[in-house]
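Encoded as structure tokens, the structure appears first; notes follow it.
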């Protein structure tokens, strides 16, 4: 039993004495559970996440649930709407035999059949029966879900909606089910994008199977399954997987007896098959009873006609029953027809002629009679309206209201004028869309042989083409940029489009793709529309929350164009660009409609037709622009630790990744959603992963010395951990037939495991003298190849466990191995960047390939990853010390065939079975999906003006210059509005840091040799050189200009406690002051707005703590503010409020961990604390900031002005008041600047940083000098101080 407590009520309110008793008393009174209990037994949480409390009362478990919270989670499943309130059910006393048999079946808990398939002819009353069954079990509290298909409603004819709709209804039916299903949603946020089989397992089978259930059967009703458009996979799941459901679940399916349904359901031991026989006497009696009741209703509704009390008489009812031929659809439609202006006249029309013996003929005769009764077929205008409106109703992908039809078609006469004459076959109202009462009428009209009249025949191909044109014309007149006058913000967009606009946006492409004749009639209209409104349409789809559907639909349109309009090359080019656009920027576009223009278009290659067509002055722009699409088609992210290994599933639809911090994930290639994750967390890191040839099992190796075997679908272990190694497992591989796993270990040995029992097949294979870093099977499974840090490659006979070959191909340790598809060659990657190609039989070296980037770095060697392309002699490789390119080699000649564009942080590689796609493991906890063709294109997708990486950058305060420091000891000064080669200053030593003066005329450059150079930015000449005493050994660590530009302050570090902060007068060129008080490393200095104080950030030599000091340069006194800060000073920045009274400090954010932002006064009181919302490359002084989730915010106006797409991974960042400059991890030597038009900067939509605190769990646990309560009462935080506190 379930009851609800009010939103916001906590568990303590149910466990604290008086309030507990009051609350429970109230609940018992409402639900009439009996007398108020004075005590409860076994009061406990079922799931605290959803406010569910379990109370045992009178030996019954009472679940008290905060349903609002649970509903919000379940709604994430995006279920199809199933409003059954208007559906008709059987009349009392009819269909009693079949209803009783169904009731007996569901109540028989010992029955083996979990599914009842009830099939029958069109019109036999299956849907009415299904509704009756659903209502019957709903009244008894047994109905878990009721899903009814409709071929005319797109939302209800898609198999992709079925599982999640059932799960949503089951979760709403019972709080136990709901809590379990909601847990899955939270663990797998994108479960609705996962394959149907996984949805069925995760959302239905597993949640229901793990729950204790002692009640009656739970019934799921699926009506009209034959009207599901793409049901092949759904049928397979229902037929094969439903046997896994717990015994208390019963599924009732109704449909026509179609071939694929019979093939799926017939002969299955767990499926009961039953025909709805319309020829039985009982069925005839039921139809007669139905007619009697409906005739009485018609008679009572027409009192003024003074029809006889027994009208129309038993004879007429029997005659109608004979003509029905056992079909309830005929009887229902006939009653609608008779219920006209003159029921007696209409009845007479129906009773003319002889009854038909066949069911379909009976329906056809009825439809002809109904249409003939409309005596307007000689009127050309009426016929034209009939074809226009009925043609639209038949071809519409979803039912439309008469108002929407009028908006889309602009008919001469309102559509309701014609549909009002077709009430016997149509259902509609002012608030409901127009629906055909029975699918057989649509089939009758669209089949010329059946309807037999040109006046009635609806050519659906013709009307589909016409309606496609009407939709395009409507959108041409309706769509525009920002059609809902939105403001860019972090808040979800909940706008609604007009019905006609929503329909046209969602379906015009479906209508166009269905055109099969006279394609040229739509070509010009389509081209005009796409060149004016393509991006406006994508915006509209984002408003409709359907952005992801464009990823699949746009390529389908592209295929249609190539087939039907091959000569429309410009159209092909534009849609080809659009296919890339919607896929690469899908995550941005679905987040906010305006990001089509503000987050995606600026990063679209400048040479594409799409960019040339839609770029304008109101869109942020990048000088020079992007040259081509990035190599990565899609980025996968969202896990806790760095990826350690990647593998492709054999069918290429899934990717498996292993991670540090102990996790394995399975990803869907097409959607980017992660399908399942292993339940193991916080154990020792996974090092390697492999997937079996049938895709059903995953093997993993870990530093805990174990090999584990997982189920791909559920993410659960299928065997106990396999233990045989005494040190970490570094590599695992499946045999080709999936029966064995080989593992290489840090203990220098190899183990071979049986995948059925988990036992070792052979004794441990010994011989290597150092760790075994790589193991693989040969293609025939007869041998294992191993590579080791002892520099040897060994080949082992699997049958006998003997070593058959040993070779020393190189003088460096082996990091990876690959074998060609034909088994002839072995490729080995070495730590110095060398690749050896060996003869697999003899071990003789055939070729050597050398990465130019292979070298020692800091005394450590790096790994080289190699793979063979399937059925090819090509090898793809990545060298981790180079980490920027994919190399493709010819194994036979050893020549380098191609080199990809640079992409920072490439750490691993795998290839799809068909050889078309690569999955690349990046070093920043993400992976990318590439086309192999992209790996063979060397052109950079952003043009680099130089070869050396940029290691830091700064924007001048005027916004007219950007300074960059390169790894080759140069400083460049750029015009951010141009992509020309900049002014370059070369130094003999490394550059540590730099800073612009407030008027942007000077640039201070700090060198490693304890020198500070002051340069004139206009002339490029050095104006001042401050060289420290070489005997001091003090390294200058930071520098800052005073607000008036007269002074500079810098901090030093000499590795001892004699650290100083210095103040230099630039005009007099003398040091005017210094202080020795802060002890340790000074890593940041800033001036107060009046220039009289310098704020210093200092850490001690062990980097164990950070302190903030305030230096009064007038009195030369230093005060320790005593701010207790976290030790992470690498992502640290400070800023004064405009009046200098408050200090804002940001620290601690990295790519993986949240920090905090605090506002302090000068006495050391923390006034405000929040999570750090800054990107880890941002500082508080940036006029434009990037948040950690890539939103771009103009600080002065508080305006959200854009968002970086997922293809941009910031490495270094700087900003002016109107522009940002950055480098990316995959383009480290390229400076990218992005400028924002004034229209973007003046939006009135304010950014709210507090939104980042909602899910942070942030607490004020770092106060100093006063408690939170004291701070709240002791400091005025009303509106009068708001300007001072708003230091941004």
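All residue numbers here begin at 1 and follow the chain in the order shown.
Glycine residues also receive a Cβ, built from the backbone N, Cα and C atoms like all the rest.
The domain 'NACHT' feature in TrEMBL is assigned to 114-256. According to TrEMBL, the repeat 'WD' annotation covers 636-677, 679-720, 722-763, 765-806. Taken from TrEMBL, the feature region 'Disordered' covers 1265-1288.
Under 8 Å from some Cβ of the repeat 'WD' (679-720) lie the Cβ atoms of residues 197-198, 201-202, 206, 641, 644-651, 654, 656-664, 666, 726-734, 736-738, 741, 743, 745, 747, 751, 753, 755, 757-758, all in the same chain and six or more residues away from its ends.
Under DSSP, residues within the repeat 'WD' (765-806) fall into helix, strand and coil as 0 helix, 23 strand, 19 coil.
Across the domain 'NACHT' (114-256), the DSSP tally of helix, strand and coil residues reads 79 helix, 24 strand, 40 coil. Per-class residue totals from DSSP over the repeat 'WD' (722-763), listed helix then strand then coil: 0 helix, 20 strand, 22 coil. Mean pLDDT for the repeat 'WD' (765-806) in this predicted model: 94. Residues of the repeat 'WD' (679-720) grouped by DSSP class, helix first, strand second and coil last, total 0 helix, 19 strand, 23 coil.
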